[in-house]
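The following features are taken from TrEMBL:
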TRANSMEM  79-100  transmembrane segment
TRANSMEM  112-133  transmembrane segment
TRANSMEM  145-166  transmembrane segment
TRANSMEM  178-197  transmembrane segment
TRANSMEM  209-234  transmembrane segment
TRANSMEM  246-263  transmembrane segment
TRANSMEM  275-293  transmembrane segment
TRANSMEM  358-381  transmembrane segment
TRANSMEM  410-429  transmembrane segment
TRANSMEM  499-516  transmembrane segment
TRANSMEM  528-549  transmembrane segment
TRANSMEM  555-573  transmembrane segment
Amino acid sequence: MRESDPFFHRRKIKRFSFLHRTQKNLIVTGMGGSTSAAFSPSSSGSFFSSFCTSALRRKSHLRSGEVRTNHGEGLVRGLGLFELLLLGIGASIGAGIFVVTGTVARDAGPGVTISFILAGAACVLNALCYAELASRFPAVVGGAYLYSYTAFNELTAFLVFAQLMLDYHIGAASIARSLASYWVSLLELFPFLKGIFPSWIGHGGLEVFGGILSINILAPILLLILTVILCYGVKESSAVNSYMTLLKVIIVIIVILAGAFEVDVSNWSPFTPSGFKAVVTGATVVFFAYVGFDAVANSAEESKRPQRDLPIGIIGSLLVCALLYVCVCLVLTGMVPYKFLDEDAPLAQAFNAKGMQYVSVLISIGAVAGLTTTLLVGLYVQSRLYLGLGRDGLLPPVFAKVHPTRHTPIHSQIWVGCVAAILGGLFNVHSLSHILSVGSLTGYSVVSACVITLRWKDLASDQVSSRYISPWHEGVTCLLVVGCCGFAAGLFYRFNVSIVLLLIAVLIAILAGAALHVRQIYENPPGFACPGVPVLPIVSIFVNIFLFAQLHEEAWIRFVVLSIISIVIYAVYGQYNADPTGSEQTTIIYHRAPASDE
């Protein structure tokens, strides 16, 4: 009776899976592309050889419409193109449009508009790379983690996940605190509520133990509400995001139209008062106002028509955000001279100066709606990434469980909600903002590299090859050279080192890119194809790492320390439990959206 139970067999398979891997020849499609290597028990006996064998594994490329999971339940396909567009817009446009514009304009002047255009152009490069991979991998969640697992290896994928997760966790807690403060400010617009809220409810927090802890009650409550919505179902959470995103977009458009009649073009002169370098520096700051389009890629398993809708959702949402940002910058710097802009609430201050207080109320409502959608989508993306790692065995299987009726990764969703609630309720995470964005830039760079490596054809011995190194290793080496040159150029620019050294770094990157173009053969992928491969992804990698070099030094330390911790976690748990081949898993059928919703 027990032997007929499928769960009994599954447990038996799990128990002997690692022994099976070490006793049989293991095909590793790792750093050597499609090269196969057999490992005998004696060669994998040591910890180091076992670690290397596991770290270099690659995930097999699943067919469209197929997903593998241990738990027999998949996510429901309920997101159409319109919902995906609003998902990307909701993830990107938050309080940044009401705050960051003024902060950068104080330095760059009206040239902040160019800063947003430059940052948007850099993000378009990343978006095109994401769009191709989202079309190539339309079946499962994972985003940058999934792409790097398939293109490179298991350890690289786990490191990408860890860097992204720290960004997401700290970012969610920080946004929750800001949202709590905006909610209190909105409530205080009513005279009978003004001044009655203590600091530990919304504004900042109550500092205890010499500032080690900063207690905030409202932030965890807001996170709990959003977590419950996300656990309830994708259609419900998508509806909340859609309504709130439409509300904030309408408010932004009203702000632009109302402010356009108050623009004084003389305020735009000089357009770049501090020079073009201030504009470029501003671009590195506002770059992160566009972060969020990758949320669309992480919704692959819940998209109705992923191969068509994901690329449109990624690129379309980015272009809409760029247009709104540029219009807001032009209106803001045209209404008030840039020197007099408030750094905390520039839009509200600009309209108050023109006697348009009613617009300030709309701005407060728009800020609440913007932060709510940004937080909602951020929590959504985190849970899907945890779901992907749980399915692959790199995290405990509890993260892979999907609710049988709600079709949401309820355990992963509760976990990310609790982590954000603890951080947001007990710590002033705003002080950690200078170590954020490391994960985004790292993930974008790896995604751009994935586009290149997944396009490579296997080269025969009589084709382009190297005497001492395989074509695959040669290509990866060139990608690393491009990244190193981008970081070096960023440092030379940041610390005003000789322009000659900066040009040398750019020249070496160009030579490495030329080698990638000449010495590799590229094939066209099915579905959407990123144009200009390998040139466009190479430029994307260079720009991303250049911006990485502009981050605070503590961000670099965070990158190194977290990478070491991640390698230890992988060595202790991940390498023994991961199964990229799906040999221990079962294929499931997607849950389709109702016909009436198609």
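Don't overthink the numbers, they just go from 1 along the chain as shown.
For all residues, glycine too, the Cβ spot is worked out from N, Cα and C.
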Grab the same-chain neighbours of the transmembrane segment (528-549) for me: Cβ-Cβ under 8 Å, and only residues 6 or more beyond its ends, written as numbers and ranges. 122, 125-126, 128-129, 131-132, 134-135, 284, 287, 307, 311, 438, 441-442, 444-445, 448-449, 451-452, 455, 479, 482-491, 493-494, 509, 512-513, 516-517, 520, 522
Paired segments the transmembrane segment (112-133) and the transmembrane segment (275-293) in contact, 3+ CB pairs under 8 A: yes
Relative to the transmembrane segment (410-429), which of 79-100, 209-234, 275-293 accounts for the most Cβ pairs at distances under 8 Å? 209-234
